[in-house]
Amino acid sequence: MPAAATAGNVPSAVRSVSRAVTDIGKSGWMLFGSAFIFFATFMAAGRVEGARERFQALYTSQIALYLFTTVALSGLSANLIKRAIGRARPIQFEEWGVFGFSPFAGNARFESFPSGHATTIGALFMALALLLPRYRAVLAMLAVWLGMTRVMVGAHYPSDVTAGLAFGAWFSLLIAIAFSRYGIVFKPGPNGLPMPRLPLPHNIWPNFRARRSR
């Protein structure tokens, strides 16, 4: 069944919720937020007192750099790929069908595969799963749910979303492996997967604010 038809058959409440949350998959807020945290904590490292606080600030800046890198590069790659593939979106189903393609059409209606939103979600939630391994199952379920909202709103086929989630997650893992080789944020784990070098910092901001207020 075409995704557009699926979107029309889902309960209105589900469709409304999907429309409300689907743009979480837009990368703008992630890129801005991670860039802000990177610069803020990097500058904070030169102002805080104490080696521990300085190290926490630098480690936080590395985490922000990792998040920015994986979201930015996976999103850019997905956009290039979808333009090259040129799959017609569900809104074009009547004319083009499920397997309609027009590579390099230069039209957003032919940029369905893979889903850019799903790629960003896959990259972000894989990054969070690597940083917070205890919550991997919950994060995976959230990623799938957020990705499938693209089907619920009629913007993509399920295969577009599946490919986007997988590509984003793979890209995030690839960047983490590269970072682990240089000891940035991650280190190689016993199972071969990257794992955080240290627990996530949680108190750099209170310490920084306290010292600035003196």
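Note that Cβ sites are derived from N, Cα and C of the backbone, with glycine treated the same way.
Features as listed in TrEMBL:
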- 27-45: transmembrane segment (TRANSMEM)
- 57-81: transmembrane segment (TRANSMEM)
- 63-176: domain 'Phosphatidic acid phosphatase type 2/haloperoxidase' (DOMAIN)
- 139-157: transmembrane segment (TRANSMEM)
- 163-184: transmembrane segment (TRANSMEM)
Per-region confidence, the domain 'Phosphatidic acid phosphatase type 2/haloperoxidase' (63-176) (mean pLDDT, whole number): 93
Number of helical, extended and coil residues in the domain 'Phosphatidic acid phosphatase type 2/haloperoxidase' (63-176), per DSSP: 88 helix, 2 strand, 24 coil
